[in-house]
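Per TrEMBL, these features apply:
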- 23-53: region 'Disordered' (REGION)
- 27-48: compositional bias 'Low complexity' (COMPBIAS)
- 151-230: domain 'PDZ' (DOMAIN)
- 235-310: domain 'PDZ' (DOMAIN)
């Protein structure tokens, strides 16, 4: 089963598959016609070769092997774009009638110019998302939510702090603040990460104050923290239309409306969710005008990370405004 970051990627991939299959069927029909004896006619059914254009129009019709200044000979295609070579004629045997292109298994890449982007991140999954439209955009890679567990090692800054605050939710500990240019930010800790262990101590069921006390008593260097990647969040990949819009409205960071027939509608963006990241850049506490500017400066593909309103408000409850202003809003490294 193929996975895609957006509905548009899926549709483009399906169109490419259909084109390759149609080319194979045409080649098969032509081969069958060549094998069948035909009665010779006193005139050709179709010209063997298209007539050349008039001399004064030749420069308007470049040959395929010299298109837009690029060479597209059989050798160049075989070395660089083998997926665009004509499919081989079908063979007889137990696989007769199979599509003229290899069916991808889990983790394979489609032979239609499709680009593998990032692992799907599911439990036990080794597959790749296929993105013929999105391609290997850094937006998808930066915003990809894996829900996987990783270890980060942080130290204390000159003020004796690691630069993050946590919140207790449903017996779990979640990161509610990562200060900019702090050791936690440089280690890759992100808003919404679930803290599982601190210095080997499992913190499930602990209070916020108890976890903060563990961090205060930890040594200055080599503080090992086990975190689960943003379990309450999900990333939605969107594509701008011809006017540069992706199809949703937001107020104070909360998605309030979805435009009909837009990329946001096609890809399942929901209202009553808060925007946490745009192309992997944290926008918690950022003004709506600044978020809009970030989206406008993005390329044709935009990935937004969202969280349900209920969870977001619970995490941000009693968070002072001056602390939110210290949130790390830098673009994460890949």
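Using the three backbone atoms N, Cα and C, a Cβ is placed for every residue, glycine included.
Broken down with DSSP, the domain 'PDZ' (151-230) shows 14 helix, 31 strand, 35 coil. Mapped onto DSSP helix, strand and coil, the domain 'PDZ' (235-310) counts 16 helix, 30 strand, 30 coil.
If you take every residue in the domain 'PDZ' (151-230) and average the pLDDT, you get 94.
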